[in-house]
Every structure is written in C-alpha cells, then in structure tokens.
Amino acid sequence: MASSLAAQLSQIAANSTNQLNLKAQRIAHSHSLIFDKKVAGSQDFDTIYDICFEGFQELCQLDPRFAQFERTIFSPQSKTEERTEMNVAQNKELDTVLEAFLALVGGRLLLSPAVKAADWLIRRFRVHEYNTTATILTFLPYYSTPLFLNLLSILPEDLTPTFKVLLPYKKSLINPPRHPLVHSATTNKPFLAALNAYVIQASRQQSAHHALLSFWAGIFTEAVSGMLDASRSGRRGVEKVKHDDIVLSVLPILNDGLGMKDISELVIGCYMVCVVLAQKAALQDNVLDSLMEAIVASWTVETVSSGLICLSVLAQQKPEPTIPKRVFKAILRLENPIQQLSEISSQYKTSHLLLAIIAGCVDDLSKQEDTVRLDLLSLMFESQILGESETGQGMGIVLRAASSAHKDGVMSLNAQTHLADLVQHFTRSESLQPIFQKTIAESALDVSALEHNLQTVIESAQAPKALEDVEMDEAAPKQQEDEFPSLLQSLESEPLMKSSFLSAQSIPVFDRLAQAFALAIGSQEKLESFANLTVLGKSNATKSPQYLSFFVRVFSGSYPIGTRVTALNMLSSFLSDSPTDIDFQALVPFVLVALGDVSERIRREAAAVLAALGALYKKAKKDNPSVWASDSLYGQAKQSKGVNWLSGRDMSKIFERALLPGLEEYVLDPSHIGRVVEATLRGTLADSDASELKKPLRLALFSFLCSHVVQLPLFAPKLGLLDLLNRVEKAGGTTRTKELEPLLKMWRDLGVEKAKDICDKERISAAEMEAQVVKIVTPKEKDAIVLLLSIINPYSNSLSPSFVAAVFGRMKDIWAKIPEDRQEFAAERLFEVSLQESDSPLVDGCREVLRSVQVPGPVLVRFVKQIPVSVTDIESLGPAPKRRRTSQNNMVAMTVKDEAKLSKLMEKMTFILELVDGSKPEDHPELADGLFQTLAALHHFKSQIQSGMSYLLSLALGSLLAIVNKSRATAKPLFNTSVIRADLVVDCVRTTESPQVQNAALLLVAGLSVIAPELVLHSVMPIFTFMGSSVLRKDDEYSVSVIDQTIDQVVPALIQSLRNQKRDVVSGTSELLLSFTAAFEHIPSHRRLRLFHALITKLGTQDFLFAVLAMLANRYSMDKDVLILMTGLASDATAAVELCTYCKYLELVTDSLRPKPGISQVLLGIGSDDGREPQKVAVDLLRALAYLFRHSSIKSKMAKALAVEGGEESEQIRSYFSQILTQILTIGDTMQEMKAVSQASGEVLSALFGTLSLIDFLDTIEILLQRPGDELRRKVLRLLEGRLRQNPERDSPSQNRMLDFLPTLVTIVESSPDILLKHAAVACIDRITEKYGKKDPSKVIPASKAIAGQSCIGQEDDRIRIMGVLCLASMAEVLGQAMIPALPDALNRSLSLLEVSMEAGKENARLHDAVYSLFSALFVHLPYMISASHLDQILLLSFRSAGSEELEDESRQEALRLMARKADLAATFGVVNRNWTQAVAAGPEATKETLETLSLAIEKHPKSATMKNLPVLTEILFKAFDLRREQVALGSKAKFDADDLEEAEEIVNDVTIKMIYKLNDSTFRPIFTKLFDWATTGISKKDRHGDVSRLTTFYKFLEVFFGTLQSIVTGYASYIIENVVAVLGKASPSNQNTRTLWLSTLRMLRNAFEHDQDEFWQSPSHLNQISEPLISQLAHATTSSLANTVIAEAVPAITELAVAADSTDNHKELNTVLMRFLRPSAGPSGKAAGGENPHTRFAALKAEQSLTEQLGEEWLALLPEMLPYISELMEDEDENVEREVRRWVKQIEDVLGEKLDDMLT
C-alpha cells in the first residue's frame, strides 16, 4: 500500500546519517565550545582545524604527552574522517584514542589552548554525542564555570539516566550547584559507578589531575557517607545487610585506588573514604585490619601523614588497641615516627594506635634481636605523646610483657637493660612517677617477678604484696633453672682467664659470664656455683685480678641495677673476709664512680664496699702492704704499669680524712662524692674535724686518679671518673690538662667509627664522652686555646666532626676566662687558620669561634687595618694606570690566578667586616678610623673591579653607624671626628643599588649630622635627590624607619644652617621639597601621609606647608591620590595655620600670573625653560585649593574656633578668611579674560563659602549682592543654590535666616532685567521653598505670587518660564492650601504655556514636562481647586500632546494617572464623557490614555463612588464599545487600524470587568441586557457592517467576560444562545468581514463551555440549540489553511462542549452530528453528508482525536458507531486523512489496551 511505503520511507529518512546532505552534516558539526552556533555553522573543517590545531600545538609545548595524538586525531587526515563511515571496530579504536585524549586534557581545560583542542573533538568527532559519558566526566570537575555551561548547551537531548541530574540545568542553561551532584552520586548508582570508573582509568593512564581527583574525592566521600546515612534502620540486621552491600561496592574502588601509590591525591581520597566507612559502618576487625594493611602498603613520603591519620581513625574503631604486624612494621620503618605521630595527635584521636604500637614494641621480647623496637618504645614515653590515662595503659602493657617474658624464653641482656632503664625512667620522672605508681597499685602484677626479670628494683612498689604471691615467686626461677645449668656447664670447661677482665673492652668469655651471673641472681646456691668457676680464679683472688675485676666490670658497666648491686655485694663480701696485708686501692676509682650513680641501691652497696676497704686499711699491720693487681689490673702491658699507685699509708690517710666521713651522705646524695673529691684535691674539706691532706698527698691522689683515667681500657668508668676530675683544675702543683692530655690525644686518634663502636658497646653517650674529654683543657692553662687548636690542627678526615665541634665549643666556653693578652694571641692564631684555603670544619670552626666570642678591640683594629693594605696589594695585579684610564669599562684584566687572589681577598674582607659587625663595634670606637679607611678602600676597589660590593659596604656602614649612634648619646664624640669622610657615605647612597647599603648610609648621614653637622650638610642635597628617586619608594619597615630618622635628624640641621646663613629657608630647601614631591608616585600609598607630615613638621608647618601643597598640585594636577594626601596634610594643621597656608598659597598663584614671577619661579618653575604655562599652573593650583576647601577639616575647625567669642584665634581666622576672599575675588576680576583661570577661581569661591555656616554664608552673600557686577551676583546665587542642593543646616536659626532672605530674592525676580540673574534667584527660591518652606509657609506666599506673575512665568524667555513652573510645582508640594492665592494665575498661565509648548514646529519638551509636573503636584495636593473647565482644558491639551511625536509621554501620563487617583470620581467621569469624541478624534494614543485613566479611576475609588456615578460610566462604556463601528464606518478616513482597535477594545473590556467587580448582579444584569440589545438590535439591519462590528465588539467582551468571571456568569449564556446560532450561521472564517466575529464567537463559546459548573450545557434545550451549529463549523475546513484555523478554534470549542455535556446520550448526539463530516457519501436526502472535502474529514478526525484524548473511555463507549466510519477512512483516497485515522486508531488502542484489527475486519 502507498501509505505503508510512505511510512517506511519516512522511517529511513529519520535514521539517515545524511552522508550526501551537506547541510545536515554542517548542522551536525556546528556544535562548538567556543563559537556561537551561527558562526560555527558557517565554518569549514579547514578553518576549524587551523584554530584547534594551534591550541593543540600549545598543549604539546606544555606537556609532551600530547604529541602522540598528532599522528591520529590531530593529523591533517582527520579533517576528512567521518564517524558514520567507519565500521564498528574502527569506531571502537577511535573511541579509545578520543577518551585517552579527553582524560589527559582534562587537567588543563581552564586554559584557552586546551579548550581549542577539545573543540576539535566536538566539531570533528562529535564526542559529545558518541562519547557522552567520557566528555561529561572530563568537564564535570569544572561544573561551576562558563565552560561547563557551554558543554551543557551542546549535549544531546536524550541523556542517559546516568546523567539525568544534568537535565534541568541543560534546559534552563544554568550551572548545576554541587549539592545535586552529590545527591545523584548518593542515589544514582550508575552515575557514581561511571565517575569511579573514569577516575580509576584516568589514573591508570597517568592522566589524573588535581581538579578531577579533588572533585572525585569530595563527591565519592560524601556519597558514601550519604549512602550509609540513608541505610540507617531501626532493625540492626537490616542495617547491617545494607551497610555490607555498600562496603562491598566500595572496596574494589579502594583496592584499585590504593594500588596506585604514586598518585598521592587519589590515595588520599581513598583514605577519606576509609575514614567514612570506619566511622559510619560497623566494620568487623578483619575488614579494619585489611584496610590498615592496604593503607600502609600504599603510603609514600607525600601521603604518609594522611595515612597515619586514617590509621588512627581505623584503630580507634577497634574494641582493643591492636594493629596487624605488617602495619606495625611499616610504622617502625618510618623515618621519624614519633614526630609524625605527635603532629597528628594534636588534632585526631590516636590513643588506640599509640597503644597498639606500644604493644607491638614489647611483643615477642625473647625473639627481638636488636633494640629498634625498644628504642621506639622509650621515645614514645619520653615524648609524652600519650594522655595521662593512655600513658597508664601503655605502662601496663609494658609491665605485663616484661613480667611474663620468661614464659616465652630468655630476654637478651640488651632487651633486659632497655626495659630496666625504661622502668627506672618511670620511677624517676616527675610527670610519669604518679601515673606509674597508680598503674602498679591498680594492676595485679607480680612486682617480684618483674624485678627479677628486669634485674632492677621498683622502688615505688610495695614489696610485701608482691612477696605474698608465692606461686609467681616460685614460677619465675623455675622457668630459668633450665637455662642456668646449661650455661654454667659450658663455662665450667673454661680455663682461668689469663688477665684481668678490665684489660680490654671486648672479652668474649666475659659476656657469657655476665649472662650466667644475671641468671644466678636470686639464688645463693647458684651464685656460689658461679663464683667457684675456674675461669674466675676465686681461690687466687688476692694474687690475681680475674675474680674481683669481673665484678668491678659488672658494677661499672651499663647492666640492670639488680645485677650491678649483686656484683657490688659479692665484692664487699669478698673484702670483708680478705687478709689485711693486701692493698686493694685499685678498686677505689671504680667505687668512687659507683658512689655517684643515680640508683640509691648501687650507692648503698658501693658505700659498703668503701667501708670494707676502709676497714682493711684500719686493720693493716704493714705501712705499705702489697698493692693488689698493680702490674696486671689493666693487662700485662704498660697500661697497668702507667698507673701512679699510692702507698698504703697515704691511701689510709685519704680514707680516714676524706672518704669515710661522708659515708652516709654518699647514699643519700649522688652528687656528694663529686664535692668530696673536689674539696679533697683542692685542700678545702668542709668537715672541720678532718684535717686537710698535704699538698704532696693531694698531688699523689690526683695523679693516681688521673693515671687510672688515662690507662683504663673501659670507657664507662673512665667517663664517670673523668666527670669527677673535671671539677678540679689543678691540685698539688699540677694541672688537669697536664695529667690528662694523653687521654685528649688518644680520643682524637680513635677516629669516628672506633669511637662510636666503643660508646655503643658500653652504652654511653659519645657526645657526653667528648664533652668531658675536651673539658680536660682548663682556662688557666697558659695557651689553652692554642692547645685545643693543636688537637685538631692540621685537620684530618679521620677526626670525628662531633669531636671537632666539641673542641670549638670548649674554646667558646673558656674564652671569657682567659686573660686578654692570651685572647689576643689566640685570636691571631684562629684568624690565621680562618683564612686558610679550605672548606674543612677546621676553618669554619675557627671562624665560628671568632664570631661567637668577644674579640679584643686592639685585635679588631689590626684586622680592619689589613683591608686597605690588602686592597693596595692586589691593585698591583691590574694593568698600568694608563691602560686602566683608557679602558672602555675600567675593568681590571686578571688571570685565573689573579682571580683566585681576588676571591681570597673578598673572602678575607668579608670575614673581617662580619667579625667587626658581630663584635659590638659600638663598644670599640677606636675602629672608626679604620672603618672609614676601609670604606675608602672599598669605594676605590669597587670602581676598579666594577662590582657593587653591597654586602661589604653594608657591613662597614653598619659598624660605623653603631659607633656613631653610641656617640650621639654622649656629650662628646667617642672618636676623633676628623676621620669622618661624609663624601664616601654620600657616594654610598648615590652609587649603589642595594637597599641595605642605601638605608645604612642614610642612617649614618643622619647620625653624623648630629655629632658633626659642619662636615655633612654641604652634601645633604644629593642625598635627598637620591632619596626621592630611590629610597622613598621602599615599603619595608626598616626603610620606613631609615627615612624617618633621616628627616628627623638632617632636616632640622639643614634649616638651622640656612637660617645661620640668613638665606630664605623655603627657597633654600626647594631642591629637597622637589625631591619629595617628585617621589610621591613612587612612595607606597599607605606611607605617603605619614612621610610628608614628618617632613613638614620638621621643616615647620606655617612656613612650608603652602610650598609643599603648591608643588604637589603643580606636578600632579588633580590626581586623586595627591589630593587625598594634600587634604590629610592640611587637616593636620590648626584652623589659623591652615588659612594662613591658603593665603600664602593664593599669593603664590598671584605671583605665578605676574609678568615677572618671584618665588613661584623657584618652587613651581614658572618662567624657566622647562616650566609650564603660568595659566595652566594657576588653574591646577586653584582647582586643588577648591578641593582642599571642600574636603579638609577647615569647616569644622573654623566653627569650633569661632564659637569662642573674642578669642585671638577667632580674630586671626576672620582676618585670614577676609584676605582669602579678597585674593580670590581679585584673581577672578583680573583674570576674566582667561576663562579657565576665572572658572577655577569661581570653584575656589564656591568651596570657600562651603566652609561657612549657612547664616554666615547668607550674611556674606547679602554683602556681595550689593556689588555692582551682575556676573558676580549670578555666581553668588548659583553658589547659594548649589549649597541648598546638598544637605544644608536644618537648625531653627538657619531656617529662619533663609526664609528671611526670600524677600531679597523676590525683589530680584520682580525688578531685575537680567534674565540669568532672575533664573538664579528663582532657582534659589525653589530650593529654599523645598528645604525650609514648611517651617513658615506665610513667608513663601509672596514668592509664589511673584513666580506665578508676569515678572516670572509671564516672561518670554523659556528658561525663566520653565524654572518658574518647576518652582510652582515645588511650592504646591510644600505650601498646599497656602498656595491658593497664587493658583488662578498659576493655572491660567501654565495652561497657556502648555499650549505654547506644543505649537507646531516650536515644540518645547522641557516646558511641556515642567507644566505637567505642576499639574501633577496640584492633583496631589490641591485636586479640589481644579475646576471642570480647567480639567477640560488639561484633557484636551493632553490629547494634543499624545498626538505629538516630539514630546515625551511620561510626564503627561503621570499627570493623568494622578488625576484618576486624586480627583473626584464624578469630575473624572464627567471630563472623560464630555471629551470622548475629541479623544477619539485625536487618535489611538489619546483614546488609550483616556481609557487607562478611566480604568485607574474605577480601580482606585471605592465601590460606592462607582455605584453613584454608574449612569455616566455606562454612557462612556457604550461610546467606547461603539468605537469599532464608528471607525469601520469612516472607511479610509479612520484613524484606528485593526491593531489599534484590538488594543483599545482590550482596555475597554478590562475597564468593564473592573466596573463589574464593583457591582452586584441586580445592578449589572440590566446593563448586560441593554448591552445585548445594543449589539443585536440597536442598529438597522441594512447597516451590515455596523451590525457585524457591534457583534464583534460584543462577543470579544463576552470572551473576556466568560473567561474572567467563569462559572459565576454561566447563566448569562441563556441571553445569547439564539444570537450565537445566528452568528454561526452567517459568519465564516473565509470571509474577511466576518472572520473576526467568527473567531471571537468560538472563543467566547469555548470559555463558556469550559467554566460551566452548573450543568447549564447538559440541558438538552441548551445543548440541542448549540451542538449542531457548532459542529457544523467543521464544514468551513475546505482548504489547508482554513482547516488549520478550524482545528485551532472550532475543535477546542467542540471538545469543551462535550466535556460540559457530560452524559452518554449527549455524547451520542454530538457524535452523530460529528460523524457526518467523516463520510463523503450522500445521505438519505440525496444531499452530501458534509465530508466531501478531505480537509473537512481531516478536521473532523482531529475533533475525534481531541475528544478521545480528553474523554477517554467515556467517548469510546460510542466506538461501535464509529467503527464503520474508521474502516472507510482507512481506505480514504487522501493520504493525510488515511495517516490521521491510523493515528486515531493507535490512540484508541492505547486507551482501550487492545487492538482494533479484529473489530475492523
């Protein structure tokens, strides 16, 4: 069938890609990000490619990764590629490249090149259509920018549900806010999935960027949070399932994200999501652990801080403070975990994480091979990173682990020592001790087992409680019994140790013995077994050193306290049973060290050993018993022999007199032994009972102890003994340095690695050891500094840097204690080393020492004097003088060798000057001479080598400045001022570009000007010139201070010098002033006022302010910033000084205008070659002065001063003011020919008057008005008007004075022949009336009469007329009824003026508007005084005005609106009724304005007034309704075209509706029937055009009537049904005469049907009357255009009738009539049924479709009747009818839900 083929063809056309349709292709490619659619559509691909490729090339320069796309999507071939011509595989490959480019370009989309490049993808490859997801997600991070808006505008309409959130914003073309995006991510899973997939893919391609990742992280985090919040449920089970689903959906994203650890922002985003999951979802411990492990696996240096925060949050969610081992190891590997944890702990809860780390540190103690974990543990408690309760918990973890460590195996000695030290730290720390005691008290720990395991004593613990726990007490040893026997057995086979255990630091068997000894503690049996080992040789202990030396080494080492105590105990036990013929003095040094231990238990046991030794000496029978181990204590070598042993007698004396008396104090105070040793060796024992030791004995004791320090191989006891001896500088004639110098050299020779190894083995601090070693050198040593220097000089790389630093530190410590002569010698030596050519720590250290210590003055002088000599020496390296003079740039030619010498010299000079600078040069004034010589040498040298040498100059100047500043504070300079070289200092200011040098030189000049002004002032001006061009523009605080000081100190000296020379100070300082004014624009804005104020204050405000103001005004004219500065400067002065300044200022202006200028030539450059024209200078100065009068504080200052009557200041002010006024008037009079100067003087005069109060101003004006010149009088009145335009004074005296001034103005109006003067007077009257008229209206009435009279608005001049009328308008507003006397003249003359203003060819818009302004004021304030005749004139003139194109409408319309609002309603209706004909004759505009006036009058007046004047209103409306008929009757003479009539009738209908609202039914119904009769029978039937016109107007009204009032007036339809039927019978849309009537009738019916709520149209009588005539209107559809009209107008009316009919019978009747027009065949009558024309059938089908759509199944109840017709129509000859019936069938099927095929067969 033809119709089927057509459908197929249309479908193919719809899906076609238009490959041959170039226009369609152009439209498809006209979407653009950067061009409008119209512009884009006109571009070809060559143009587009050129633009976009340019952007692409710029991108390639920014990022080389873009270059790969040049071969593909940006190749020239891409211009011809069309996606629609590619196959699926090619398109897929292209998509991959396009999406890769989009991901890469996303980070630069805010750059223009990127947008251009992206536009190529839009224009050529249409990525917004084919790759919509990737395109949107690329641009989405910029959702708030105009760029995203451009993208929205070109996106396809059919966006997928993924991006449905963008649809509303695409339609309205506004940027989406963030909240909807978050909401979509939370609720729309495809959207979030797409975003996540895009971000992960971009990250894998290394294309992710900050904008994308920050956007994604925020959206993803909030979405996850929102999803978890939304899944909250009252039922735990349901909530858990939902949360698990969310977690499972999020974990894969986190897994992918955390796997890309190099992309830090992606990883941090994942951390954020982890935090949200942990806080809002109840995660299981295994999930938390997995997340933790993923986090530590992902962190890098950049993300570790965020990772730790995330870890802390996750750990906080766990019920127990535990973390996986992998996480703990990762934290352990961090560079400084404690610092990083402390940084985050201040902001986040980290307690669980920290406690978990503590638990990790003490986990598997027996398996820990190193001390890394325990070191971290100690640091955690020392750094106090935990809170109080968490610290207690942490201590509990440590203590529990330590007390149960024996269950898992034996702790290493290192671990045991570490933990023992930590527990001792708990007990000793002031902050930790209370917490520790509380933890011990609250825990159920076995303290005994703890002490046993750690071999320490917990002094705060209560021992009895622990001992009660018998089971634990027995359990601990039982576990260890298995360890001790095996170890003991292995040691039993060891032979006797060949030498002392003190003979070497590393003895393998000793470590095993120490371990066995530690295990034996606690069991006497074990200790005895241990003591009897062969290797110890106990049986021969008195003759060989092995046995005792073992215990000495144990208690002297860094072992647990319990172990050391037991060793001491073993020693004291042995000594108590020893024979008395053995001298055990070898033990004394070690016991002395033990007596200074921090542990009281050790000190107690050491005191016991000391007492045992003392007892042996008491019991000794021989004076000199043999010394135990004298030749083998430190081995068989010379070390043992190098010890200076004491005799037994001497040692006995030492014990008796020095050591034993303080036995109890040693136990109580660890520092007591040090004091005793010091006092003993010094010979100043505090105990009066003990006799002092003789000098030889003290020397012997000192040598004895020192020799042990030197020979002892072990460094732990060596350090303790050295600490005791370093308290004593000398004893018995020898010095500490002499005795211990070998140790100093030995330590130096150890080297870095060996020293570190020694300290690590013995667990002592290398730094502490080095500090004690260098203390060996005492300040009383003759060449202490030189000795220290010799230790490290010459420098060797094997030297420990820390040791070198310690040596230099010692130099600094003792420097102040050595004599000055030795200081000088030492300083010279250090200086020599400092200048060595080396970068070694030796040179740096010497320099640092010299910088840190106070170098003697003579040495500094010698150093400084080396500089000029060195400079002279190096100049010999340059070329001959002649060559230097003739050289182009004076550059000294130097070889490489010379350059090295130059570099060395520069380094030397720098060091010397830095040394001087750091040595408080103010304390060494003798340096001044050398420094000035240095300054000269530097200047000379600078000119030779063409170098600024800024740093050296600033150092030299800074030192001189310090000396000079101190000299300023004394009566007499501290140095010889003859050495001052001011020229050099000035050169420093002028020739350097360094701000530091400039500032220092300026300060030095300032200082020198105080102490030696005669040497400085002759060179001051160049300084200020330079300051103006350079220094003043600086904005740092220091430069500000420099400038302030320079002004404060130099300027007063300069002024005083000029006065001493009897020179004019202003002229003399003109150069200075010029420098500052020229520098104004360079001075930072916030400093200008302060700087100039300081300058003027120092110069003298009264003498110099005028000059500064004038120079600024001359140079910068009316620059706003300059004016603000000038205002600030002037405002700071008193009123008298400010006025005096203005007098001098005006004198300067006058001087500049003279033929032979005086001071203005100096200050302003008048008359000079490069000076400006005097007139321009004068204008600038006068305008600036006017600004000053307006904006400075002179007005308030004058008012305040003048308030004090009879004061001297008030007299000065009056005198200066009078002088200024005279000067201004004189300038104005003499310069009238120079218009610019005259105007500027007028501005000044205006501003000057502005400084007066209103009363004083009027007094002055009255005097000036008496002067003869009209020009001055006009100017004065204009000034008064200007003053009144602002906010004049409102106080009562000012108001009365102003009203009293009115007669003066009235006199001018009535008598002056000068129109301009009159105009000015009227303007003043207007302002006075407006501002003050209400105060006393009676005083204004004469003025109103004068204005309304012949002398004002009666004049011929338009300016005075306009001003007068406007003044009358103001008076009407102010005076109200008081104006009635002037009203007759005012109205008559203003009406005449209105008529004059509209004369053809002479229209005067301003006069026209002014008169209407007066009418408006009268309507508002005096509406009752305007008579009917005046209203008629106003309205008639308004009609003329409305017809004029030259005049504006606003003022007239406003007057008419006010008449409608304010005038009596009867008067308004009356004037409209009387003048309606004239309004129509005047044209559409006049008619429209008249109707609008009528409408507003009805609206704004009450209902009662409308009812009262209803007859007149009805008469007006009937006239208005007849407008169409009248205009049609006029034919070609009509003034209204169709549009004008439509517009007028709309207003008439609106007026009628407003009237109806004010009436009731009984009042309106007669009017309606009258109107109906008027429309239907009120005109002869012969007048067909008149009849149609009236009916058209009537039905247009009814359309509005039924549409507006709706169901209220449905019953009124009964009046019009018959006439409607008649009209439908004769009116036709095809007849132009009746078309409008036909349209308005159908529209009226539609409104009437639509709003029927009273079943009016259900009535058969009504329905039958209207249904057939209405449906018959379908017959008018005989052409395509008529069919469209019928479908648009008749079909909706038919549909609304069917809805209103609302019954099956009525519907059947309607359908019967309607179906006639569906069939072309003849009916029974033989006549055509009505559907002969296909357009008619088409219209009828449209009616059926509308009815089906509106009524649905109600209408389809008639389907059986319709089916035959439908069958016929489906075979209709007309293709349009056939297509339309098929649409109707489809519509029916959609409604019924079943096919019609079976019914139609």
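Using N, Cα and C of the backbone, Cβ positions are placed for all residues, glycine too.
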Per Swiss-Prot, the range holding transmembrane segment, considering 273-293, 294-314, 945-965:
945-965
Have a look at 1001-1021, 1106-1126 and point to the one annotated transmembrane segment in Swiss-Prot.
1001-1021
Counting only residues 6+ away from its ends, which parts of the chain sit with a Cβ under 8 Å from the repeat 'HEAT 1' (582-619)?
424, 428, 457, 459, 542, 545, 548, 552, 555-556, 561, 564-565, 568-569, 571-572, 575-576, 625-630, 633, 643, 645-646, 648, 651-652, 655-656, 659-660, 663-664, 666-668, 670-674, 677, 704-705, 708-709, 712, 717, 720-721, 723-724
Beyond the flanks of the repeat 'HEAT 3' (1252-1289) by 6 or more, those residues with Cβ under 8 Å of it:
1195, 1198-1199, 1221, 1225, 1228, 1242, 1245-1246, 1297-1298, 1301, 1304-1305, 1314, 1316-1317, 1320-1321, 1323-1324, 1327-1328, 1331
Restricting attention to the repeat 'HEAT 3' (1252-1289), give the mean pLDDT.
77
Kindly report the helix/strand/coil residue split of the repeat 'HEAT 4' (1296-1334) according to DSSP, in that order.
35 helix, 0 strand, 4 coil
With DSSP helix as H/G/I and strand as E/B, how many residues of the repeat 'HEAT 3' (1252-1289) fall in helix, strand and coil?
28 helix, 0 strand, 10 coil
List the helix, strand and coil residue totals of the repeat 'HEAT 1' (582-619) as derived from DSSP.
31 helix, 2 strand, 5 coil
